[in-house]
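According to TrEMBL, the protein has these features:
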- Cys31-Cys49: disulfide bond (DISULFID)
- Cys43-Cys58: disulfide bond (DISULFID)
Amino acid sequence: NVERINSIPALIGGTATTPMPAIAVEKYFLCRNKEIISTQFVCNLAEDCRDGSDEETC
């Protein structure tokens, strides 16, 4: 079970208008339906995005 993150800016202490550091972008995957998951769950043979977009390009 993957904990979904509602907002990367909130996670890193920023705001919606604050640019995200590059390191944050590298650690997270934006699903097609706008969910955000850790990159460790992309292409792991399990659909962690509710829309399955994390497994589409594997």
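Cβ atoms here come from the backbone N, Cα and C positions, even for glycine.
A TrEMBL annotation is a machine prediction, not a hand-curated record.
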Inter-residue C-alpha distance, Cys49 (disulfide bond) and Cys58 (disulfide bond) (nearest angstrom): 14
Cα separation, Cys31 (disulfide bond) to Cys58 (disulfide bond) (Å, whole number): 14
DSSP state at Cys43 (disulfide bond), helix/strand/coil: coil
Site with most surrounding Cβ atoms, counting all protein chains shown within 10 Å, from the disulfide-bonded residues Cys31, Cys49, Cys58: Cys49
List of residues, in chain order, with Cβ under 8 A from that of Cys43 (disulfide bond) and at least 6 apart: Asp54, Glu55, Thr57, Cys58
